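S.K.: Features from TrEMBL:
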TRANSMEM  43-66  transmembrane segment
DOMAIN    59-308  domain 'G-protein coupled receptors family 1 profile'
TRANSMEM  78-97  transmembrane segment
TRANSMEM  117-138  transmembrane segment
TRANSMEM  158-180  transmembrane segment
TRANSMEM  222-244  transmembrane segment
TRANSMEM  256-279  transmembrane segment
TRANSMEM  291-310  transmembrane segment
Amino acid sequence: MKLWLEIHLIVPETSFSLRTMSNQTLVTKFVLQGFSEHPEYRVLLFSCFLSLYSVAVTGNILIILAIAFNPRLRTPMYFFLFNLATMDIICTSSIMPKALEGLVLEENSISYGGCMAQLYFLTWAASSELLLLSVMAYDRYAAICHPLHYSTAMSKAFCGMLVAGVWALCAFNTAIHAGLMLRLDFCGPNVVAHFFCEVPPLLLLSCRSTYVNSIMIVLADAFYGILNFLMTIVSYGFIIASILKMRTADGKKKAFSTCSSHLVVVCVYYAAVFCAYISPVSSYSAEKSKLAGVLYTMLSPTLNPLIYTLRNKEVKAALRKLFPFFRN
């Protein structure tokens with residue numbers, strides 16, 4: 001879920017300018033601009049994006065299989081990792097096939113329904129991942145700060161309830177935004193200044209007032225981008241304080257190793273969010289939004305399985321057991 005903090009100031013002016021076009025035929029399909037402004041890089045971009053997509057899908061599927069077929073990985077941490085890998089697959093698969101098609105074709109069009117479906121599944125997966133990272137931070141907090149009560153605090157029933165709550169809450173939130181988007185009319189230009197359907201460029205094409213959409217987006221950002229981030233920071237604040245209080249170096253090393261992979265993922269994910277979207281209100285840029293899209297939908301789902309497998313002996317052992325060729 002991205003931080004569209006600039007939308008509520010940009011959209012009203014644009015919406016007003018498009019109302020005069022309300023007598024035109026409503027748009028039934030959109031044209032994704034993609035990376036058409038750099039046609040000389042299409043072959044290179046196609047190769048890079050196809051490679052990233054292949055690694056992301058393959059890596060996350062391997063993690064899912066390793067956790068599903070190894071009884072030793074039936075712990076809360078790996079249960080959350082299983083869901084994170086699922087979210088990554090949904091996130092990247094909702095936009096990458098169409099983005100790759102856009103690099104091959106001169107004009108990459110998408111139907112109105114396809115655009116809304118793409119927006120829904122992408123927003124659902126991205127917001128769910130943000131919320132799940134906070135849940136995983138709490139899991140590490142319980143494991144390190146309260147180890148004696150960990151098995152009771154993070155029972156299977158409670159973990160299942162947490163994950164179900166993440167999926168359901170984000171599905172409901174996304175349904176609200178999708179419903180508000182469906183009420184808009186698009187009767188002017190139909191070129192989306194992005195390589196997938198995203199909220200800001202679509203709002204800029206609306207010929208109806210987008211004020212309600214902007215308010216709901218700001219409220220969602222306040223929860224996902226600010227409150228959610230603070231919850232993660234607080235959890236890791238307690239974790240670091242608890243590790244520093246440990247007397248032995250081995251104890252500190254063991255405690256840190258249990259959360260280091262997740263800490264790396266959190267840093268990469270939120271660094272991408274803040275670098276891409278925390279900027280002056282008047283500086284919204286299609287180029288910047290495309291770069292952010294690459295970070296969220298391609299780079300992050302690719303790095304997550306690599307980070308967790310390269311830094312996790314148990315996952316690597318499970319993969320070697322499941323796939324003997326990994327032993328070489």
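Think of each number as a place in line: the chain as shown, counted from 1.
Including glycine, each Cβ sits where the backbone N, Cα and C put it.
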S.K.: Counting Cβ pairs closer than 8 Å, which of 43-66, 117-138, 158-180, 222-244, 291-310 has the most of them with the transmembrane segment (78-97)?
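M.R.: Between the candidates 43-66, 117-138, 158-180, 222-244, 291-310, the best contact partner of the transmembrane segment (78-97) is 117-138.
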S.K.: Check the domain 'G-protein coupled receptors family 1 profile' (59-308) for me and report the mean pLDDT.
M.R.: 86
